[in-house]
Amino acid sequence: MICRTIVEGTTKISVPVPPPDANFPPSAAPVFYNPEMELNRDINVAATAAFVERLLSKKDILREEIRYVDAFSASGIRGLRIAGEVGIHSTMNDWSHEAFELIKENIKINGLEEKAQATRRNANVLLHEQRFHIVDVDPFGTPSPYLDAAASSAYSMLSVTATDTAPLCGAHLNSGIRKYASVPLNTEYHSEMGLRVLLGACARELAKHEKGMLPLLSHVTRHYVRTYLEVLPGSRKADKTLKSMGFVAHCPRCGFRKPVYGLAVHIEKECPECGGLTKIAGPLWLGPYREPEFCNEVISELEAHPLNTKEKVRKIITFCRDELDIPMFYDQHVICKELGASATGIESLIEALRAGGFEASRTHFTGTSFKTDAPIAEIKKIILALSG
């Protein structure tokens, strides 16, 4: 296996060199390493560091006693960065023999023998057998087969990545239903749909183990969904968490959408705005998907860590922090196309909505997305007025 040395943050590792003619080089290499996910890993360092500080302030525990597991480690880069840059004990697991040997080599390269260990186990077996303060599930594809074991294992925080955005967002409807026991809709807000479907799946799995959750930070970036969930032990916390579950009624004719809380609900089929037939998505998460104060703590951690993507991280976290807690976002260009109107700057639209007495914010999902409590009819009136 031919390798090269790369550096992320303050962590140096050896990674395989993929074949030069590979269509997707990361998956063609003997051990998976995707340089495009450095942004994800930079956010992970800052978010995990922020959560560790919370844990240290709330519990009688030492930093070196906090245990983190990366269930799908491949080269080990994610877990090594947590051990070296956050300073907690990290277990890096992978079923691949090549990955297992490479992780051990990379532990030595970084001198982290006292803070890190490599394991070669089936991820579900490892997570069902051992408990960790922080469980990180970042598989290639769907995390669905591992959520039960991860929910069982996590004491304090559960971090999950999903790269199967087509099933999550409704583009592959039946696959999404099978994997997440939820009906997603492929709408203009499909990225938020995918995030809320994933959060709903996590909430249900945690509830099975008498645990609730508080989403601290969630984002949809490029081809993946990522979330950081504080785990709240106890049946009462689980029951409270499930009260944030529900459905979304969406009218494809006029763009009306409405969240309906509860797992056993009655939803009128007729759209109250235009009389068209609504479509139903869910069950999914309808509560907040980030905590503003935690976002501020993550931003503060950026100053303590030399991250190559620091400014991109800051931009994403700031947008997440400032978003309204309203499902689901609107897309300015989609509405303008429907109306035959010219699109103004997104900030002008936000200001006009606020001037009309409504709440409004941009979102991190796309550059043309916004959230507001204004009815769809009012949104259209304001867009038409702005376009002249």
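From the backbone N, Cα and C atoms, a Cβ is placed for every residue, glycine too.
According to Swiss-Prot, the domain 'Trm1 methyltransferase' annotation covers 4-383.
Marked as S-adenosyl-L-methionine binding site by Swiss-Prot on the basis of sequence analysis: ARG41, ARG78, ASP94, ALA123. All chains included, 21 other C-beta atoms sit within 10 angstroms of the C-beta of ARG41 (S-adenosyl-L-methionine binding site).
Swiss-Prot lists CYS251, CYS254, CYS271, CYS274 with the feature Zn(2+) binding site. CYS274 (Zn(2+) binding site) falls within neither a helix nor a strand when secondary structure is assigned with DSSP, and so counts as coil. With a 10 A radius on its CB, CYS274 (Zn(2+) binding site) counts 15 other CB atoms from all the protein chains.
Within the set of binding-site residues (ALA123, CYS251, CYS254, CYS271), the lowest number of other Cβ atoms found within 10 Å of a Cβ is recorded at CYS254. There are 26 other Cβ atoms within 10 Å of the Cβ belonging to ARG78 (S-adenosyl-L-methionine binding site). Put simply, ARG41 (S-adenosyl-L-methionine binding site) is 42 Å from CYS271 (Zn(2+) binding site) when counted between their Cα atoms. Cα distances from CYS274 (Zn(2+) binding site) to the binding-site residues ARG41, ASP94, ALA123 are smallest for ARG41.
Look at CYS254 (Zn(2+) binding site): DSSP puts it in coil. Of all the Cβ atoms in the protein chains shown, 26 others lie within 10 Å of the Cβ of ASP94 (S-adenosyl-L-methionine binding site).
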